[in-house]
Amino acid sequence: MKIAVLPGDGIGTEIVSEAVKVLEALDLNFEMESALVGGAAYEAHGHPLPESTLKLAKEADAILFGAVGDWKYDKLDRPLRPEQAILGLRKNLGLFANFRPAICYEQLVGASSLKPELIAGLDILIIRELTGDIYFGQPRGRRVATDGHFPGAEEAFDTMRYSRPEIERIAHVAFQAARKRNKKVTSVDKANVLETFQFWKDVVTDVHKEYPDVELQHMYVDNAAMQLVKAPKAFDVVVTGNMFGDILSDEASMLTGSIGMLPSASLNSSNQGLYEPSHGSAPDIAGKGVANPLATILSAAMMLRFSLNQEAAAQRIEAAVQKVLAQGLRTPDIYSEGTTKVGTAQMGDAVVKALTA
Ligand code: NAD
Ligand code: IPM
Ligand code: MN
């Protein structure tokens, strides 16, 4: 089993090291090979996703990814910016199905500023379409307006776009996932305003006919953003487009205690997957050794489950994470009074110890 390890930038390198430690402790004979990606690859090779990195990723059974990006690249031409690396990997590998499970571990319930009854036992799954929408739609660019409110003015534009097969395949993924859970799908759209998302709603409704055992609910994205904090446990599987899914998953992360607790899996149609925390490179805390590695470690567990056929090992990691939380160990983002503050490496070491104990 070959794992491509792409740490990236900022806290990406710190958190991926911890996940690699955990994978190594499993003694499962993985072959792991690292490569530069994002700003780090731009510095070394002049491109955020060098051919060699893409080749490694394509040939691997699974990819463990950290994060990319730094404010210092904000002025680069868009194709050279670090974020293009993750977008390029998603597109080139066809990683259209993004799973972002928001699970609130019982040890973190009391520490949250949210009411315990709201989040205790929370286990919802956001399924975000990952290779379409306004992220990839063409045309896009800058120009001088020839119409609109200010003809003659400089303007910028992107294209929000979805085809029927793109919506169908993510809808199938969502209904099939719901079948293994509480059999409820909430499809989040903006059908009241956008043609793209009226189409989304129509296609999801069509696909639903094949899943009469699963309940389908449609919800506008603005209401969904509100319901996620009002009554998050009313959701089971949430399926939505690329941009809404990006935003709602960051929001949902706070129901779990921190963005540092939200793992993700991005799969293509052959179940090859890229596994990364849902957060970014966190330049504000990079290099300080305080980032929470648990989202990345939990992403490694998803990798074992979805791409490497190692369910037992996945469960071992998840149990080890719960054990360190039960021991009271907390990185600063999930710290509360009465618990023990630890750094990134100490947290990783504790998970390794809990695995092998
Ligand atoms: P971010 O997710 O990096 O950080 C947002 C906030 O959350 C920061 O205060 C950060 O310190 C905190 N945070 C994030 N992860 C944490 C962790 N593991 N432990 C503790 N605290 C954590 O989002 P941002 O600041 O908007 O973006 C920073 C850079 O990351 C940008 O260049 C952005 O484009 C990029 N980014 C990359 C990815 C990716 O590689 N998939 C995802 C999101 C953002
Ligand atoms: C994410 C990130 C990415 C996205 C960026 C870095 C391109 O925010 O993985 O959630 O918007 O998809
Ligand atoms: Mn995001």
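Using the three backbone atoms N, Cα and C, a Cβ is placed for every residue, glycine included.
Record features, source TrEMBL:
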DOMAIN    2-351  domain 'Isopropylmalate dehydrogenase-like'
BINDING   Arg90, Arg100, Arg128, Asp222  substrate binding site
SITE      Tyr135  site 'Important for catalysis'
SITE      Lys190  site 'Important for catalysis'
BINDING   Asp222, Asp246, Asp250  Mg(2+) binding site
BINDING   Gly280, Ser281, Ala282, Pro283, Asp284, Ile285, Ala286, Gly287, Lys288, Gly289, Val290, Ala291, Asn292  NAD(+) binding site
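Feature map: TrEMBL annotations on the structure.
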residue : record                         : Cβ within 10 Å
Arg90   : substrate binding site         : 20
Arg100  : substrate binding site         : 25
Tyr135  : site 'Important for catalysis' : 19
Lys190  : site 'Important for catalysis' : 20
Asp222  : substrate binding site         : 13
Gly280  : NAD(+) binding site            : 22
Ala282  : NAD(+) binding site            : 23
Asp284  : NAD(+) binding site            : 9
Ala286  : NAD(+) binding site            : 18
Lys288  : NAD(+) binding site            : 13
Largest tally of Cβ atoms lying within 10 Å of a Cβ, found at which of the binding-site residues Asp246, Asp250 | Asp246
Here the Cα-Cα span from Asp284 (NAD(+) binding site) to Arg128 (substrate binding site), rounded to a whole number of angstrom, reaches 27
Select, from Asp246, Gly280, Ala282, Asn292, each of the binding-site residues with a Cβ positioned under 6 A from at least one atom of ligand 1; if none does, say none.
-> Gly280, Ala282, Asn292
Cα-Cα separation of Asp222 (substrate binding site) and Asp250 (Mg(2+) binding site), in Å?
-> 15
Can you list which of the binding-site residues Asp246, Lys288, Asn292 have their Cβ under 6 Å from some atom of ligand 2?
-> Asp246
Proximal residue to Asn292 (NAD(+) binding site) among recorded positions Arg90, Arg100, Arg128, Tyr135, Lys190 (C-alpha distance) | Arg100
Going through the binding-site residues Asp222, Asp246, Ala282 in sequence order, which have a CB under 6 Å from an atom of ligand 3?
-> Asp246
Most distant Cα pair in Å, residues Gly280, Ser281, Ala282, Pro283, Asp284, Ile285, Ala286, Gly287, Lys288, Gly289, Val290, Ala291, Asn292 binding NAD(+) = 15
Within the domain 'Isopropylmalate dehydrogenase-like' (2-351) only, compute the mean pLDDT.
-> 97
What are the non-local neighbours of Val290 (NAD(+) binding site), defined as same-chain residues 6+ apart in sequence with CB under 8 A from its CB?
-> Thr331, Pro332, Gly343, Thr344
Nearest to Asp250 (Mg(2+) binding site) by C-alpha distance, among the binding-site residues Gly280, Ala282, Lys288, is Gly280
For Lys190 (site 'Important for catalysis') and Asp246 (Mg(2+) binding site), what Cα-Cα distance in Å is obtained after rounding to a whole number?
-> 15
Residue among recorded positions Tyr135, Gly280, Ala286, Lys288 with Cα closest to the Cα of Arg100 (substrate binding site) | Gly280
